[in-house]
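Features as listed in TrEMBL:
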| type | residues | note |
| --- | --- | --- |
| BINDING | Asn113, His118, Glu123 | oxalate binding site |
| BINDING | His116, His118, Glu123, His167 | Mn(2+) binding site |
| DISULFID | Cys37-Cys54 | disulfide bond |
| DOMAIN | 68-221 | domain 'Cupin type-1' |
| SIGNAL | 1-27 | signal peptide |
Amino acid sequence: MEKSVRGIMVLICMAFAMSLAFYVVHGADPGPLQDFCVGVTDPSLGVFVNGFFCKNPKDVTPNDFLYKGFNTVGDTNNPLGAKVVQVNSTTFPALNTLGVAMGRVDYAPGGVNPPHLHPRASEMLAVIEGTLYAGFVSSNLQSGVNRLYAKVLNKGDIFVFPQGLIHFQLNIGSTPAVANVAFGSQTPGLITVANAVFGSMPPISDDVLTKGFQVDEKVTEALRSQFWSDGESHQYSWI
């Protein structure tokens with residue numbers, strides 16, 4: 001009897017320890033402990049709530065919850081022919097702790113929102129004007145294949161990109177296109193694949209890239225030159 005009780009106690013302790021471990025490593029958008037938490041960059045102007053400095057509620061006004069300019073057409077005169085403006089907790093502090101964000105994407109004919117991923121959010125894309133070819137790639141399957149899920153989208157269509165998966169959009173129409181996107185995080189984050197691989201600072205070793213991509217050093221250097229030039233080529237890392 002004593003042994004069985006002792007065994008049960010050991011199991012309970014192990015379960016408790018595991019629950020603490022999972023709790024410690026868990027990460028997510030901060031949950032609201034109040035109706036809102038308008039972020040401030042100067043701590044002296046705010047109060048500390050739930051891991052963030054928030055504007056004192058008595059100083060909050062309706063203007064804090066208003067974002068203007070979402071209808072402004074983005075400048076697509078760049079190497080990719082696309083422009084993304086993201087409205088997140090950084091650009092719109094009222095979103096702090098609310099767990100949502102939005103964005104507007106403008107595409108010139110042939111413009112591309114290149115392969116990228118958002119480590120902290122899934123994304124919904126709604127086509128407002130034009131025709132897009134959009135898709136995402138699955139993580140490595142047991143067969144070793146990365147499956148592509150892609151569709152041609154027209155005005156009024158919505159497509160979903162799961163969290164953390166590489167995705168893209170291409171304007172395949174002859175006229176400019178516009179899409180609105182919604183994220184399930186106040187700070188979705190961004191990893192642009194080409195920039196991250198060939199434009200990191202300091203750069204990834206040539207040996208890693210040549211062996212990883214099975215190309216010679218000349219190809220690696222040619223690709224790297226497209227994505228780093230005193231930071232100027234990162235002007236379109238704008239999601």
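Note: Cβ is positioned from N, Cα and C throughout, glycine not excepted.
Remember, TrEMBL labels are computer predictions, not curated facts.
This prediction places the mean pLDDT of the domain 'Cupin type-1' (68-221) at 94. Of the listed binding-site residues, namely His116, His118, His167, the sparsest CB environment within 10 A is found at His116. Packing around Cys54 (disulfide bond) is summarised by its Cβ count: 22 other Cβ atoms lie within 10 angstroms of its Cβ, all protein chains included. Annotation for Glu123 (oxalate binding site): spatial neighbours Val160, Phe161, His167, Val181, Ala182, Phe183, Gly184, Pro188, criterion Cβ-Cβ under 8 Å with sequence separation of six or more. Around the Cβ of Asn113 (oxalate binding site), a 10 Å sphere holds 27 further Cβ atoms from the protein chains shown. The shortest Cα-Cα distance from Cys54 (disulfide bond) to any of the binding-site residues (Asn113, His116, His118) is found for His118.
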